[in-house]
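Feature annotations, courtesy of Swiss-Prot:
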{"type": "DISULFID", "residues": "Cys251-Cys384", "note": "disulfide bond"}
{"type": "CARBOHYD", "residues": "Asn102", "note": "N-linked glycosylation site"}
{"type": "CARBOHYD", "residues": "Asn108", "note": "N-linked glycosylation site"}
{"type": "CARBOHYD", "residues": "Asn116", "note": "N-linked glycosylation site"}
{"type": "CARBOHYD", "residues": "Asn173", "note": "N-linked glycosylation site"}
{"type": "CARBOHYD", "residues": "Asn212", "note": "N-linked glycosylation site"}
{"type": "CARBOHYD", "residues": "Asn227", "note": "N-linked glycosylation site"}
{"type": "CARBOHYD", "residues": "Asn255", "note": "N-linked glycosylation site"}
{"type": "CARBOHYD", "residues": "Asn310", "note": "N-linked glycosylation site"}
{"type": "CARBOHYD", "residues": "Asn330", "note": "N-linked glycosylation site"}
{"type": "CARBOHYD", "residues": "Asn383", "note": "N-linked glycosylation site"}
{"type": "TOPO_DOM", "residues": "1-11", "note": "topological domain 'Cytoplasmic'"}
{"type": "TOPO_DOM", "residues": "33-440", "note": "topological domain 'Extracellular'"}
{"type": "TOPO_DOM", "residues": "462-509", "note": "topological domain 'Cytoplasmic'"}
{"type": "TRANSMEM", "residues": "12-32", "note": "transmembrane segment"}
{"type": "TRANSMEM", "residues": "441-461", "note": "transmembrane segment"}
Amino acid sequence: MGVSSRARWVALGLGVLGLLCAALGVIMILMVPSLIKQQVLKNVRIDPSSLSFGMWKEIPVPFYLSVYFFEVVNPSEVLNGQKPVVRERGPYVYREFRQKVNITFNDNDTVSYIENRSLRFQPDRSQGSESDYIVLPNILVLGGAVMMEDKPTSLKLLMTLGLVTMGQRAFMNRTVGEILWGYEDPFVNFLSKYFPDMFPIKGKFGLFVGMNDSSSGVFTVFTGVQNFSKIHLVDKWNGLSEVNYWHSEQCNMINGTAGQMWAPFMTPESSLEFFSPEACRSMKLTYQESRVFEGIPTYRFTAPDTLFANGSVYPPNEGFCPCRESGIQNVSTCRFGAPLFLSQPHFYNADPVLSEAVLGLNPDPKEHSLFLDIHPVTGIPMNCSVKMQLSLYIKSVKGVGQTGKIEPVVLPLLWFEQSGMMGGKTLNTFYTQLVLMPQVLHYAQYVLLGLGGLLLLVPIIYQLRSQEKCFLFWSGSKKGSQDKEAMQAYSESLMSPAAKGTVLQEAKL
């Protein structure tokens, strides 16, 4: 086989290979997006065979609860009508462990479960210990006084007598552990005995009683196996399709997810909605910006200005009233009537009147705004920091001597941050399976298409060059034949008689 023949077959082979590569690239361009979508849907639904099921069942990411207290520096002056001065103490950090138990798959494409939660103090991450003493408003005294304000004078006098007998004061000096996880107080038994409708609490009293070694109730959520459009959405909480704490149907609705995973394939127009049993309501976060977390593209969602706006600023929130200044939410209806308010830390994004009424507050968007960074393709959180503040409304109540001359004020008690970020083996698995592989497939389809196009050019160029050589050879042969004929004619003319005479004459000259 000659050299030209081998070259022809090589060019033809490369052309066939290029055609196959180009065809495969086109097929991948048409099919890969659908394949990636199917793979994502398969792995984010709540199903024992899905990649994310283990992550959903027992969160492998270390979560931390960081608590900051607002210690009252001038309690005596506050009782005399002066402005409160507070000093931030903390953080007191707890590692949070969560595990779903009693998982039951139902026939209507839902799954029911209880999520057990436990908190363990982390001394190495904390600025202090659980034995630190902190001066705070006595919630039982000052909160109870506000709750009794419209009651008959005789009841208020009975309450005052009970407070005096038990040595209760407007402000208390207790340890971090007691404030959070509860303390024995005879006044609690007194209140539950004489005012059972107003104070249906028994045993220990603490701000976070019921949050440790406990659960947030029974959740029933959609799995997304049969109906993807409802994936992760809460169907019921404790058997309820809506709560009854608020004064409008919209505010009582249980919307969104349980706050751990959301529907995949988000866009900047998507919102992040979830139901929070601790806040007794559903919340909605909005898109702020696109970011990158450890090489993974994310969307950052933050709290809009309307989250805790009052009804006059944002009419849909009217159902959460009675309201005070904008930026705080009255949660008394789900906290036994106690005048407690929820907001962002240091009254960030709230009416400035609130932070100006208390010395020592410095709202800062970098320090006090909440955010969730979500991988938009899967709806799985990569990095989150949820920050909330709990405040108590206090004032002087006529008939309750312990309230002195306290001016009406929403006084911050503490703020807390629940934070966590994906890392380690979990992050590597997530990145490889749900980010790297789709990216490889995405780029491979265009590489194959480009390579196929280049290889297809090989036989085309070879054919063009072969035709050019043939043309040059044919042209060269034709020209050579014409020159040979001309030379022969010229030689014959020289041998003729006339030509000979001419030559001799020229020689003589």
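Just so it is clear, glycine is given a Cβ too, placed from its N, Cα and C backbone atoms.
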Cα-to-Cα gap, Asn330 (N-linked glycosylation site) vs Asn310 (N-linked glycosylation site), nearest whole Å | 10
When distances run from the Cα of Asn116 (N-linked glycosylation site) to each of the glycosylation sites Asn108, Asn173, Asn227, Asn310, the nearest one | Asn108
Integer Cα-Cα distance in angstrom, Asn212 (N-linked glycosylation site) to Asn108 (N-linked glycosylation site) = 32
About how far apart, in whole Å, are the alpha carbons (Cα) of Asn227 (N-linked glycosylation site) and Asn255 (N-linked glycosylation site)?
-> 17
So among the glycosylation sites Asn102, Asn116, Asn227, Asn255, Asn330, who's got the most Cβ atoms within 10 Å?
-> Asn330
For Cys251 (disulfide bond), the number of other Cβ atoms found within 10 Å of its own Cβ = 19
Say you check the Cα of Asn102 (N-linked glycosylation site) against those of the recorded positions Asn108, Cys251, Asn310, Asn383, Cys384; which is nearest?
-> Asn108
Rounded Cα distance, in Å, between Asn108 (N-linked glycosylation site) and Asn255 (N-linked glycosylation site) is 18
Out of Asn173, Asn255, Asn310, the glycosylation sites in the record, which is closest to Cys384 (disulfide bond) when you go by Cα distance?
-> Asn255
Quick one: what's DSSP say for Cys251 (disulfide bond), helix, strand or coil?
-> helix
Here the mean pLDDT of the topological domain 'Cytoplasmic' (462-509) is 52
Taking the Cβ of Asn310 (N-linked glycosylation site) as centre, how many other Cβ atoms lie within 10 Å?
-> 22
Relative to the Cα of Asn310 (N-linked glycosylation site), which of the recorded positions Asn173, Cys251, Asn255 has the closest Cα?
-> Cys251
By a simple count of other Cβ atoms within 10 Å, which of Asn108, Asn212, the glycosylation sites in the record, is least packed?
-> Asn108
Take the Cβ of Asn383 (N-linked glycosylation site) and count every other Cβ within 10 Å, whichever protein chain it belongs to.
-> 20
